[in-house]
Amino acid sequence: MSNQSLVTEFILQGFSEHPEYRVLLFSCFLSLYSVALTGNVLIILAITFNPGLHTPMYFFLFNLATMDVICTSSIMPKALAGLLSGESSISYGGCMAQLYFLTWAASSELLLLTVMAYDRYAAICHPLHYSTMMSKTFCSMLAAGVWVLCAFNTAIHTGLMLRLHFCGPNVITHFFCEVPPLLLLSCSSTYVNSVMIVLADAFYGILNFLMTIVSYGFIISSILKMRTTEGKKKAFSTCSSHLIVVCMYYTAVFYAYISPVSSYSAEKSKLAGVLYTMLSPTLNPLIYTLRNKEVKAALRKLFPVFRN
């Protein structure tokens, strides 16, 4: 047993401290999950089967929708089952698998939002060279780089988690397996894990954010230099949806995770978890489709029921 955890399963606390809201929370979470799953799958299908949407912007949107499906599907079935039964246990292996896929999708989304900001920068600031700057090969490399880099980073964090010992208690103060509450349960040293978390926060939360801000700084500067009002409106409409998603996602991330593990707050983390695992995947397809005529036209073409 020297190389194994003594804990064979964890108990997800979920929202058990508010049993009176269990039915309400189950209804809300099931509705959000259904909308998120339906909306993102529709976007994936619309982009896949409509040649007119085979452009860099929609290629990255396809990847974003895929990440949203993985993110919300990695935790919602278990969370809903816990709300339905009143208690939720998860095996040690299941917890590590959930941790991996959730962290992989969430970190990939942060990185992809930066890539999408660069795409908008190239389209608005260098329109004449856009096709060269964002070639099909380069876009594929960017998307593959996001998935592979985040998979590798997540593998490191999950591997470091697997080396820890958990002797009890085994109650995770969250509705899914997450790094900070798991570290608080460990009975072995978590120093290396904490250092890696700080490095990941610096890269995903700070460096990525600054790169996105710089991209939008150039974008806004270019828009303000445009002579016609119509040109300004058209340019802003191409990036406004993405900007809304960026603000929403980073608000949740900064609110809960850009802080030391020692200052972890269960209530704050649960709220942020709802924002980026349920609310964000639900709103993303709505934001991109309601404000985008091309996506709506593709959906009407693919599904005649949307024509009414």
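Positions of Cβ are set from backbone N, Cα and C atoms, glycine also.
Copied over from TrEMBL:
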TRANSMEM  23-46  transmembrane segment
DOMAIN    39-288  domain 'G-protein coupled receptors family 1 profile'
TRANSMEM  58-77  transmembrane segment
TRANSMEM  97-118  transmembrane segment
TRANSMEM  138-156  transmembrane segment
TRANSMEM  202-224  transmembrane segment
TRANSMEM  236-258  transmembrane segment
TRANSMEM  270-290  transmembrane segment
### Task
With pairs restricted to those 6 or more apart in sequence, evaluate whether the transmembrane segment (270-290) and the transmembrane segment (23-46) have 3+ C-beta pairs under 8 Å.
yes
### Query
At least three Cβ pairs under 8 Å linking the transmembrane segment (138-156) and the transmembrane segment (23-46), pairs spaced 6 or more in sequence?
no
### Query
With the transmembrane segment (97-118) as the reference, which stretch in 23-46, 58-77, 202-224 has the largest tally of C-beta pairs below 8 Å?
58-77
### Folded-back contacts onto the transmembrane segment (23-46), same chain, C-beta under 8 angstroms, at least six residues removed
15, 53, 61-62, 65-66, 68-69, 72-73, 76, 79-80, 83-84, 278-279, 281-282, 284-286, 288-289, 295, 298-299, 302-303
